[in-house]
Structures are given as structure tokens and as C-alpha cells.
Amino acid sequence: MASEINGLLPKDIQDLVLKSKIFVVGAGGVGCELLKNLVLTGFKDIHIIDLDTIEVSNLNRQFLFRREHVGRPKSHVAKDSALKFNSNVNITAYHDSITEAKYDVNFYKQYSFVMNALDNRIARSHVNRMCLAADIPLIESGSSGTLGHVTVHKKGVTECFDCTQRPHQKTFPGCTIRNTPSDPIHCIVWSKHLFNQLFGLADADEDVSPDSADPEAISSAGKAALETESEQPISRVSTRQWAQGCEYDPQKLFHKFFNDDINYLLSMDNLWKKRKPPTPLDWNSLPDAVASSSSSASRRAPILLKDQRVWPIAECAEVFKKSVEILKKRLEDEKDGGVLIWDKDDDVAMDFITACSNIRSFIFGIYPKSRFDIKSMAGNIIPAIASTNAIVGGFIVMTAFKVLKEDWYKCNSVYIQNRVNVRKELYHFDQVMAPNPKCYVCGEKPEIVLKIDLERMTVRMLNEKVLKKELCMIAPDVEIEDGCGTILISSEEGETDDIGDKLVKEFKIVNGTRLRCDDFLQNYNLVINIVIMSEEEAKDRDKSVECFELVGDRSLLVPKEEDQATNGKESDKDPDAKEAEAVADDDDDLEVIAMPEDDVKVLGTKRPLERKDEGEGTPLKKRKLAEEPSPASGSAYCMDTEVETIDLD
């Protein structure tokens with residue numbers, strides 16, 4: 001297309017586009033827009049990978065897909081649709097996980113650069129490490145509602161994806177969910193746990209019954225419960241078994257979860273000394289109103305769709321009854337041992353969550369939410385905006401031109417904001433940063449500090465929750481630096497499974513122990529320095545909260561000379577850009593709820609790249625704005641044309 005018509009692109013860029021071979025990771029919201037842009041630009045050799053299949057909820061913004069494509073692999077359909085724009089392009093599609101071992105360093109080395117359009121942090125970090133190992137550029141991107149970003153990462157030249165610590169998904173202590181909810185999200189999480197306990201994959205950590213072991217609740221009822229458990233064995237049945245025993249009778253379920261359990265909570269005196277106590281509900285005398293609303297206000301309220309309005313409690317109870325009956329029948333239709341999987345696009349499952357959440361909110365004096373709001377929060381989604389994906393997709397291709405020319409100084413990070421800043425700009429351009437010398441991924445000697453509860457941390461938890469989930473490793477091997485070369489974790493299947501449930505303290509791990517970790521697939525090595533939690537710290541942590549913490553004295557990570565140079569001043573970065581920079585995920589259906597207070601934390605001091613003169617190799621000063629009138633003139637600041645647009649001359 002554009003590259004096939006002389007004059008549309010400068011000759012040097014045209015040649016580079018025609019010769020390049022690129023790899024696109026992700027065929028979702030941003031991925032579809034990006035693939036369309038690439039074929040229209042005239043890139044001739046494109047490889048694209050995505051593990052997902054198309055769902056109905058994708059169709060409102062992923063425009064390469066149609067209703068007849070539902071259930072088919074995204075990458076294959078995206079390829080077929082994109083070829084209709086330009087049939088002269090060679091597109092290779094993979095319906096697979098990017099973390100499979102066959103996509104190794106040699107696989108990455110065949111490409112000119114990689115473009116990320118992913119929807120989760122672990123996959124992003126993995127691709128970042130593979131690009132570092134293969135020494136090829138990575139163009140990272142993401143969108144979340146009206147926010148978006150595009151950044152460039154090149155080994156030894158710019159910071160890598162992991163040089164900046166991104167916010168994680170918000171989690172809540174189990175005792176808060178079960179005993180003392182105070183926000184709608186607490187009730188929504190409880191309702192999802194209840195769905196799994198009754199119909200889905202039950203998890204002991206997602207119990208919905210009152211937690212008598214809550215340290216704050218140890219009073220009359222709590223002590224009695226704990227003493228009874230310790231004095232004599234109790235024959236317990238699971239929530240599923242109990243529900244099956246009463247044949248999923250909606251009234252009995254309602255009475256247990258919204259009356260009996262609430263009365264039990266009320267008997268835990270300590271919980272309600274400084275809180276408003278909950279109000280148990282009776283099936284036969286339910287209020288026919290919305291919590292925290294007056295009748296006059298209800299009369300003045302406009303007529304809304306079912307999903308937009310907040311249901312009265314009586315209606316919630318009726319919806320609860322109908323949804324339980326339907327879900328019970330579905331469960332009976334499953335084979336022995338079959339379970340139901342909660343899906344936000346399943347109307348009945350969503351009705352169940354909405355009804356349970358609002359009933360529990362009413363009980364605890366929490367303002368209820370509409371079905372639409374609960375669906376967004378229950379699915380951890382931020383409403384996707386197709387135009388944001390289109391803008392991000394366009395910036396990626398514009399950035400790709402600079403990457404092909406290896407003009408790293410011009411590869412500015414782009415942040416799409418949800419409002420214009422003081423300079424009337426919707427897009428914020430930030431100068432690309434040099435690698436963080438203290439990064440635990442691209443640093444010269446990557447190290448990190450891990451604080452653990454020695455009485456709870458097992459080998460399996462270290463492997464699954466720390467190495468794979470938090471540090472985004474795929475197949476880690478761990479050796480204890482004890483002089484004997486003790487292997488704690490092996491990537492070979494079954495080799496260390498027999499010690500998975502043992503506490504790490506059984507392997508003589510103490511304060512100061514060093515663990516040498518290696519991921520052969522990612523060509524990544526890391527040293528973990530162990531710090532043991534004090535008894536007070538371990539005791540203060542709720543048992544539902546992770547028994548570890550990745551920590552480090554951040555001040556020690558800042559080079560002294562640079563710390564003094566900053567003189568304690570704040571960064572000059574536009575504050576609006578920080579919100580856009582915190583975008584961690586693409587807009588695909590499951591999206592981490594963005595917490596405004598979770599600012600991006602930087603590990604160490606960032607160092608701007610210095611542009612060098614091509615002739616003499618001497619550093620030049622930072623570029624200034626092309627037009628920078630004094631504030632008194634009232635004129636808006638304008639970005640340098642080198643930053644805002646592609647210099648095609």
C-alpha cells in the first residue's frame with residue numbers, strides 16, 4: 001500500500017518498511033487496529049500471535065471480527081480480515097501462548113522488532129526479557145478507557161519495560177470480604193466467591209462464611225467457635241454440600257447467607273465497637289426500596305434501563321430466586337463433578353452477582369450499584385473505547401518508522417491523557433529514558449530483596465506466587481548459595497514436586513540467604529536476597545494476605561551523585577502524564593481496575609538519553625519547544641515538530 005507508491009514515504013523509510021520482518025504480540029483491541037495500520041502502510045512480512053478466541057463482547061471495538069467469527073482464534077481471523085485490505089502482504093498467524101518454549105531467543109532474532117499489544121503484565125514482562133536476550137527493539141503499548149501509551153525499549157540504549165514498577169491488581173484481606181465489607185467492591189468479590197462455592201470451582205481461600213479466626217473478632221462468639229474447634233473435632237460440610245442437601249432452595253440459601261450468617265457476625269462484639277453493625281434480612285419482610293434513597297427522590301428519578309437502574313431489595317431477592325433456580329438446573333445438566341464457570345457475559349450469572357452484591361450492600365449500609373456498574377467491577381474491566389485503540393495503533397506505526405531508522409533520541413514515549421493539560425495538549429510526549437542501572441531485569445547484576453514469613457512460606461509458594469506471578473518467570477530454576485549447590489526449584493517437570501509443600505526454613509534459609517534464580521527460556525538470571533519478617537510483622541499480616549513482600553531500600557538504589565543533583569526536587573513530568581503512564585494493560589475484556597492513587601514507582605533514578613551529533617559524536621543539549629512564548633502572552637505551548645510528528649524529510 002503506502003510503501004508500494006513512490007513518494008508517499010521517504011525513500012529510506014520506504015526501503016526499510018519493505019525489507020522489515022515484524023512480530024505483533026496480541027490481536028485484541030489495539031492489535032486489530034495495529035494490524036490494519038501495518039498492512040495499509042505496506043509492511044510485507046508480518047507475524048502475529050494470540051492465544052484467545054473471539055467472544056461476543058469483542059465485537060464492539062475489535063473491528064476485524066464479525067459475529068460469525070465468534071469462537072474462532074483471534075490471530076487467524078485477524079489475518080484473514082487484514083488481507084482484504086492488502087492481499088500482497090505475507091501474514092503468518094499463531095494461535096498459541098507467547099510463553100511456550102518454542103518461541104525462544106532464536107525465534108525472536110529473525111525479526112526487525114517486536115510490537116506488544118498485550119493485556120497482562122506477565123506476558124509483557126516475558127516478551128521484554130526475550131527482546132533483551134535477542135537484542136531487538138520492543139515497541140510497548142496499551143490502552144485503558146481514554147488512557148493509552150506507546151513506549152520504545154532497546155537493550156543498552158533505553159530503559160526496559162521492567163525498569164519502572166507498574167501498579168498491581170488491587171486485592172483485599174479475606175476477613176474484610178467475609179466479616180466487615182465497607183465498599184461495593186467488597187460485596188461484589190464476596191458474591192463471586194459465593195457463586196464459585198455454590199456452582200463453580202470452590203476454593204478454600206474463598207469461603208464466604210464469617211471468619212471466626214479474624215483477630216479483630218476474637219470476643220464471645222469468636223472465642224467460643226475457636227475453643228469448640230480445638231476441644232472436639234467437628235464434622236464440617238462444604239457450602240456446596242449444604243446447598244445440595246437443601247436442594248438449592250432459594251429461601252433457605254437466602255436465610256443462611258443474609259440472616260443466620262449476619263446474626264453470627266453480630267455476636268462478634270469487637271467488630272462493631274467502631275463500626276455500624278449490619279442488619280439481617282428476613283425473606284418474608286423485605287424492604288421495597290433502594291438503600292440510601294428516599295421515596296421522593298425515587299419518584300423524581302428518570303426511567304432507566306434494567307442495567308442502568310439500582311434494583312430495590314425486594315427485586316434483588318426475586319432475581320436471586322430465579323437465577324438460583326436456573327443455575328441449579330444448569331449444574332444438574334453437567335456430568336458428575338461438573339462445575340459452572342462464571343462469565344460476566346452470562347446474563348443469569350451476572351444477575352446472581354448483582355442481586356447478592358446489592359443485598360449484602362444493603363445489610364452493611366453500603367450504597368448499592370447498578371447492574372452495569374457491578375458488571376464492570378466484577379469483570380475487573382474498564383469500559384473500552386475504540387477510538388483510544390485507534391490512536392494507540394497509529395502512534396505505534398509512527399514510532400516504528402523511528403525504530404527502523406534507529407533514531408532512538410526521537411523515539412519519545414507517548415501518553416494519551418483523558419483531558420488536556422495546561423498547554424492544551426491531549427497527548428504528552430516524554431523523552432526516552434536510559435536504562436535504570438538498578439533494574440532487576442536489565443541491570444548488570446540483577447538483584448532483589450524478598451521479605452518472607454518463615455513459618456508460612458513453602459517451596460511451592462516461592463515458585464508459583466513469587467517467581468512466576470510477581471517476577472514473571474516462566475520456567476525458573478533456583479539454587480541456594482550455601483556452598484553445596486542445593487537445588488530448591490527445578491524447571492524439569494516432577495524433579496522437585498515432592499518438596500513443594502515443605503517450608504523453606506527446612507532448607508536452612510535464614511536472614512541473608514541468597515537464592516540464585518535462572519530462567520533458561522528467558523535467558524534471565526536473578527539473585528534474591530532473603531530477609532525474614534519479625535514475629536510482630538508476621539503476626540500483623542492477615543492469613544489471607546501473601547506471606548511475602550518484594551522490598552528494598554529504594555534510597556540505596558539511587559546513585560549518590562544523581563540524588564544530590566536533583567536536590568530533592570520533584571520530576572518535571574506533566575502530572576497528567578503520570579496517570580496515562582500508569583496504564584498497565586490493553587483494553588481486552590479482563591482489565592485490572594485502575595486505582596488512581598497507585599502512582600508508578602521508579603526503581604532508581606532515570607537518566608535521559610543524550611543526543612549526539614552525527615559528525616563529531618558530541619552530546620547536544622536537549623531539544624527545546626519550537627514555540628515557547630512567555631506565559632504572559634496567553635499563547636499555548638507547542639510541541640517541537642520533531643517530537644509530535646514524523647520528520648519525513
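Here the Cβ of each residue, glycine as well, is placed from N, Cα and C on the backbone.
Between the listed ranges 61-89, 206-234, TrEMBL ties the annotation region 'Disordered' to 206-234. Secondary structure of the domain 'Ubiquitin-activating enzyme SCCH' (338-375), assigned with DSSP and counted as helix (H, G, I), strand (E, B) and coil, comes to 22 helix, 0 strand, 16 coil.
When pLDDT is averaged over the domain 'Ubiquitin/SUMO-activating enzyme ubiquitin-like' (450-535), the result is 91.
Residue environment of CYS175 (active site, glycyl thioester intermediate) contains 20 other Cβ atoms, counted within 10 Å of its Cβ in all protein chains.
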